[in-house]
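If you check Swiss-Prot, you get these features:
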{"type": "DOMAIN", "residues": "496-645", "note": "domain 'SEFIR'"}
{"type": "CARBOHYD", "residues": "ASN182", "note": "N-linked glycosylation site"}
{"type": "CARBOHYD", "residues": "ASN209", "note": "N-linked glycosylation site"}
{"type": "CARBOHYD", "residues": "ASN249", "note": "N-linked glycosylation site"}
{"type": "CARBOHYD", "residues": "ASN255", "note": "N-linked glycosylation site"}
{"type": "CARBOHYD", "residues": "ASN259", "note": "N-linked glycosylation site"}
{"type": "SIGNAL", "residues": "1-21", "note": "signal peptide"}
{"type": "TRANSMEM", "residues": "465-485", "note": "transmembrane segment"}
Amino acid sequence: MPVSWFLLSLALGRNPVVVSLERLMEPQDTARCSLGLSCHLWDGDVLCLPGSLQSAPGPVLVPTRLQTELVLRCPQKTDCALCVRVVVHLAVHGHWAEPEEAGKSDSELQESRNASLQAQVVLSFQAYPIARCALLEVQVPADLVQPGQSVGSAVFDCFEASLGAEVQIWSYTKPRYQKELNLTQQLPDCRGLEVRDSIQSCWVLPWLNVSTDGDNVLLTLDVSEEQDFSFLLYLRPVPDALKSLWYKNLTGPQNITLNHTDLVPCLCIQVWSLEPDSERVEFCPFREDPGAHRNLWHIARLRVLSPGVWQLDAPCCLPGKVTLCWQAPDQSPCQPLVPPVPQKNATVNEPQDFQLVAGHPNLCVQVSTWEKVQLQACLWADSLGPFKDDMLLVEMKTGLNNTSVCALEPSGCTPLPSMASTRAARLGEELLQDFRSHQCMQLWNDDNMGSLWACPMDKYIHRRWVLVWLACLLLAAALFFFLLLKKDRRKAARGSRTALLLHSADGAGYERLVGALASALSQMPLRVAVDLWSRRELSAHGALAWFHHQRRRILQEGGVVILLFSPAAVAQCQQWLQLQTVEPGPHDALAAWLSCVLPDFLQGRATGRYVGVYFDGLLHPDSVPSPFRVAPLFSLPSQLPAFLDALQGGCSTSAGRPADRVERVTQALRSALDSCTSSSEAPGCCEEWDLGPCTTLE
């Protein structure tokens, strides 16, 4: 059909193939018959009244087949109308009846059989809003009257119709001896026919081509400049429904770009001129496009509206099947329950359900096309909770009073009982016993197809795994005794104290020396917190809040606060004690931690909680302010062993080689101290010192 060629040309992005039509110059209707027949067309139309069926008195002439052909009726060369030519094929039906009246001579019978046959053939034509009926008288000579044989055809010119209209044609005789013939045809529009210069309504019709431009689809509207027309982009989910997406009046020519992800099979286009009574071009060029079908499945959604009720949302009809399936807890593919449960055709945008199905969390629905699952949703997942480890038994009717039972597994439906090595086969007798004693839940039943039963597997799982649980208990007991044997080591590990190292910001070289001390202490083992390792938290919360939080936490855990005194720290402490204004540098947090710890010293709460240290050669012990001397004061690295004992609270160091470890710490501190003092606090002091990985105390 021309319409098919039109859509094919759109898909290829080329000009469509068009059909040239025969032209009729006569404005009146005419009729003609094939050789041997005579025809006469009644003037004007007749009433379209088929009447009731009657019995044929003998051989009668009846229509047997209808054909149509499109032509142009052209009173003027450029003023034509689309017209439907109808060809009616005729045949003789029935036989001569034997005479019932006595006394008829053979000559009279022969005379009646040598007479010609006549018939009145009615052609009924409907194409909204047009409805017409034409009457043809057809005569067949006696020599052509052969019952059961075709005698020829009659041609009627013609019924006028609109471009793109759907026409219906009926044919019958008066009186009517058989059921009327009928024919329905969709006429092409201006695009599919060579009529642009012949039919005035097609003169200003926009032409449209579809092509691909990368990830986009380009709609090219070939319209003369300054020509106004309307463009409508819409969805047609069902034949009689239309959902408009975009409508606009445009001036040609135009290029309209669509994203390829927006294409779906029911996306259609209408274009028409703004001239009065202009024809509309309507087509859906993406119906057979594979990409449009893929997009449709990506857009489609399967929603559970309520327990057991779902809805498939999609902009177009989906060519799929909806199947009830069983989802096992192991996340294996959902197994369709067809048979015995019949599947449904996919219906979009309407609530659906499987009737007579009882609720179970493992029952789901899936939408499939050509054995491929596209969408799936579990109907009772929200109302009945997670999947259950139940075994689904399928009871099938095998005879009038006979049934068979099989267990649905990933490998298929295992007959019960069975010698297979599957889980259901091993428990076959027990499952059958549960089934016969009505311990299983019936999910679905059909007197002709069968039933579905869900059998709980909890008791079989408990019995099977009892030895495993005993083994786990024995393993747990063994692990418990092993941990008891390691009790001393764990206590030693828990006995390692936490320490907060507080210092002043005396320059980059001094900060590297502080970092070396913190790294060395963290290997003793001690859990060390220092602001150098927590710059991000310090910046986020503020120095005062960070120091206060760390001090309170460490003291609650029984830890110790280490005060590292330097000349700058001593000077600021003196200013604090003399109630002088302290203006710290941009990176100096000394004022913050002084406000946290000084009340403990002034109120006598420092003993056992604080330790003071300073580096050899950098400070004289008498320089430390007197309020801070109530806490032990050590010089590093010369008094390192005593300092470590004070940090451990009198406990011995951890197992291993403590003397070697103390010696390594001493050497590390002395090397860092020598490096910083030799550089005279020059920028870049101690850059070669690797602080190593450090543990921040949260």
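Numbers here mean position along the shown chain, with the first residue as 1.
Any Cβ shown, glycine's included, is placed from N, Cα and C.
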Tell me which of the glycosylation sites ASN182, ASN209, ASN249 ends up closest to ASN259 (N-linked glycosylation site) in space, Cα to Cα.
ASN209
Candidate glycosylation sites ASN182, ASN249, ASN255, pick with smallest Cα gap to ASN209 (N-linked glycosylation site):
ASN255
Which residues, sitting 6 or more apart from ASN182 (N-linked glycosylation site) on the same chain, put a CB under 8 Å from its CB?
LEU66, GLN168, ILE169, TRP170, SER171
Do any residues at least six apart in sequence from ASN255 (N-linked glycosylation site), in the same chain, have a Cβ closer than 8 Å to its Cβ, and if so which, in order?
LEU218, LEU219, THR220, LEU221
Secondary structure composition of the domain 'SEFIR' (496-645) [DSSP: H/G/I, E/B, coil]
76 helix, 24 strand, 50 coil
Among all chains shown, work out which of the glycosylation sites ASN209, ASN249, ASN259 has the most CB atoms within 10 A of its CB.
ASN209
